[in-house]
Every structure is written in structure tokens, then in C-alpha cells.
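Worksheet for the structure shown next.
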Amino acid sequence: MATEHTLSIIKPDATKRNLTGKINAKFEDAGLRIVAQKRIQLTKAQAGEFYKVHAERPFYDELCEFMASGPVVVQVLEGDGAIAKNREVMGATNPADADAGTIRAEFSESVGENSVHGSDAPETAREEIAYFFSGLEIVG
Ligand code: ADP
């Protein structure tokens, strides 16, 4: 399988509960390498731009408010098949449906406040990484 990069975000519900290290241990244990990382606070407008694909969804405003409600950790994960691997480690969007041992099953509080984001395809991974990082900031 090809080496890929994917964008991961540790969301405000998780940073507030001091879960950054526990969540990143799950990624590293699964063989993913953190090759870029920063802790930032998004504005609601920046969150809205990032999630603009969901602009028509009923939860869009709530999602943007939530993503701007506290610090997030944005990071690039690298590994064989990293896009799918990251989503596997994250678990289903709704923690009630997430497999045991996944991040969302263990740590998430609701379908909205679900602790992590992960890119869903190669093209979105490229776009999402470029939204937060320059090439110089990605060090494998
Ligand atoms: P994923 O993050 O698993 O790729 P989606 O792309 O479907 O899931 O949704 C993006 C984000 O929007 C979710 O991670 C979650 O934070 C939020 N979200 C999705 N569905 C709902 C919902 N029904 N109610 C509130 N927030 C939601």
C-alpha cells in the first residue's frame, strides 16, 4: 500500500478534557507517524471555511461554533494507507456506532462532539493539509 498523508484534528471536546496524548497514542500504536502538528484556536469563520462542504447540513452552524469553542490540535499523519487507517482508528462518526477500542468509542461524548476529524479521500487530504500547513512544516 502506498505511503499517504492525511489531516487529523483533535477537536475542542478532547483538548478540553486533556486527551491529546491518549488520542495520539492510538494513532502511533496503529503505525501512523505524526509528521506535522500545531495547537491553534480557530475562529468560527475559519471553521466554516474548513467545513464548507457541510454548509447545507442542519448541524453546520452548531459544528462551526463547536470547532471554535476551544483549542484544536491539527496534525498530519503519515503511513501506509494512512487515510483509511486513520478513519479506522477514529471509529464511526456517531460514538454509539463506533467499534470498541476506537477513539470515538472510548472518548467521544456525542455525534457532534466526537473528538477527532480525519480526511476521507486523497483529494480532500491534500486540500485539508494545505489549509493548515505549508510543505516546510511537514517533516517525516
Ligand atoms: P466524519 O467526521 O466522521 O467524517 P461527517 O463528515 O459526516 O463525519 O461530519 C463531519 C462532522 O460534523 C462530524 O465529525 C461531527 O462533528 C459533525 N456531525 C455529523 N453529523 C452530525 C449530526 N447529526 N449532528 C451534529 N453534528 C454532526
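Cβ atoms here come from the backbone N, Cα and C positions, even for glycine.
Along the domain 'Nucleoside diphosphate kinase-like' (3-140), the predicted structure has mean pLDDT 98. Taken from TrEMBL, the feature domain 'Nucleoside diphosphate kinase-like' applies to 3-140.
Residues annotated as ATP binding site in TrEMBL: K11, F59, R87, T93, R104, N114. Here the Cβ of N114 (ATP binding site) has 23 other Cβ atoms within 10 Å, regardless of which shown protein chain they belong to.
H117 (active site, pros-phosphohistidine intermediate) carries a strand DSSP state (E or B). Within the same chain, residues at least six positions away from H117 (active site, pros-phosphohistidine intermediate) with a Cβ under 8 Å of its Cβ are L7, S8, I9, K11. Annotated active site, pros-phosphohistidine intermediate per TrEMBL: H117, in sequence order.
Cβ neighbour count for K11 (ATP binding site) (all protein chains, 10 Å cutoff from its Cβ): 24. For the domain 'Nucleoside diphosphate kinase-like' (3-140), the number of residues in each DSSP class (helix H, G, I; strand E, B; coil) is 64 helix, 28 strand, 46 coil.
Only F59, T93, in sequence order, out of the binding-site residues K11, F59, R87, T93 have a CB under 6 Å from ligand 1.
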